[in-house]
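Here's what TrEMBL has on this protein:
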- 21-40: transmembrane segment (TRANSMEM)
- 79-97: transmembrane segment (TRANSMEM)
- 109-134: transmembrane segment (TRANSMEM)
- 149-168: transmembrane segment (TRANSMEM)
- 233-252: transmembrane segment (TRANSMEM)
- 273-295: transmembrane segment (TRANSMEM)
- 315-335: transmembrane segment (TRANSMEM)
- 410-427: transmembrane segment (TRANSMEM)
- 448-470: transmembrane segment (TRANSMEM)
- 490-508: transmembrane segment (TRANSMEM)
Amino acid sequence: MNTSKNNSKSKFKQKQNKVELLLLILYVIGFYIFCIHRSLQLSRDHFSKLRGLHIGWLFSPPRLNDASDDQWRNFRTNLPILSLVFGIFTLLANIFRKLFHLRARGMSFFWLFLSLIYLSYLHGACILFIFLIASSNFLLVKIFARAKYFTFLLWIFNLGFLFCNRIYQGYSFSIFGEYWEYLDNFRGTFRWHICFNLVVLRMISFGYDYHWAHQESRFDQEERNAHINDYSFTTYLSYLVFAPLYIAGPIISFNSFASQLDVPQNHYSIKEVIWYGLRWVFGLCLMELMTHLFYFNAFATSASWKMLSPMDIFIIGYGVINFMWLKFFLIWRFFRFCSLIAGIEAPENMPKCVNNCHDLESFWKSWHASFNKWIVRYMYIPLGGSQRKLLNIWVIFTFVAVWHDLEWKLLSWAWLTCLFFVPELLVKSATNAFQAKGALDGFIFRELRAAGGTITITCLMVANLVGYVIGPSGFSWLISQFLSKEGLNVFGFMLLTFYVGTKLMFHISDAKQSMQ
């Protein structure tokens, strides 16, 4: 009797879930139809007031293309030459590895040679600055790695150069005397101190990995451990300037890099690498379609969003976040694809879509995922891990902000994110101890989680708009717009949309769990 009751309850619940899922999907379809239609209208009506629009190549007659984002414009312009250069580099590396049976030492020399050619074009004579700072860091690590105060020295050294590089804009050769002043005429095509932010992370990684190599403790069992002989100067330099990952990453630890120089990655087969590249091409086609139809970033950079209604601000803000996600998705995966061909598997950035994250923790784990892994390994765990979680997030996000750039709007973004993070962590710790005793408790708990996800997505959107679009000065203006009569209605619509989106994410998560 009880079995038949349980079966009927289970069938009723499944039917209820299917009805809910159908309603959610219908709402989402309607929402995206509305957003696409309104975005097309906004782009058509305001294109003459927007900066950064260039003649495109899609449609007849060709539509304007949104090239207002410097990062994306530079990457897109240089994509053909980058593809050619990395194609030649990886082909040569694979041929030499096969012909001469090169292992870690031989491949480090080979990649260092290729990478220095690449850096000479990018930075010209400024590679001397990179070489001097990197050599100083290597000596510091080798001399003080076994000292108790080593990690303090490592951080002071690297943070000092991170700040000085930005403050002095990559230095001038003239500060070393008139004899060296002529080298300022050969600074290359790309500012070296911008790329050096990633080099700083690699120098810290080398320092910690070498420091831990002399200790018995291994807190990360998944990390590939390099042999003590792999901590050589040539392997270290080839790690810092490894061409496919030099400009944008993804970030890989020294241990993992050195071990894959010795034995190439075997996680991806040739067929899977090809499929990975084809998926990237599909993503590039989506981006081309998006920038030809919707001018989201141009609205943000032109400050034209101030002329819009609260509903339009919401649509543009949502579009900017999706544009940023797709931009970084394409840039990071292009360089990771080149690295995979070279036999080095770096951690995957953007493993989840930005529209499938309903809490801050999962968002940051899936956005710059390789940076997140670096932070966990070299900051979060050494700072005390989960025992000091509420304190650690302030230190970590402040570092993330200043690592990106010395700007107040980035610090505002970091501290706003921390403010939103604290209540989420407190609620998570409370809900982890909660156990639903019945169907009603389970329903209430799920609805509260959906409400929490709605608030989190709203806070995340505000933090990113302040950090990357409107800045701290525009925050009060944004709040005043959404506290108006029209703004409150839009705010209610926004909350409802994020609530629906969160519930749909729950269904996606449940479907994945049932398939496992």
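The backbone N, Cα and C atoms fix where each Cβ goes, and this holds for glycine too.
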Self-check item: Close approaches to the transmembrane segment (490-508) from elsewhere in its chain (Cβ under 8 angstroms; 6 or more beyond its ends)
Solution: 17, 20-21, 24-25, 27-28, 31, 309-311, 314, 355-358, 446, 449-451, 453-454, 457-458, 482
Practice problem: Count the CB pairs under 8 A between the transmembrane segment (109-134) and each of 21-40, 233-252, 273-295, 315-335, 448-470, then give me the winner. | Solution: 233-252
Exercise. State, in range form, which of 21-40, 233-252, 273-295, 448-470 has the highest count of Cβ pairs under 8 Å to the transmembrane segment (79-97).
Key: 233-252
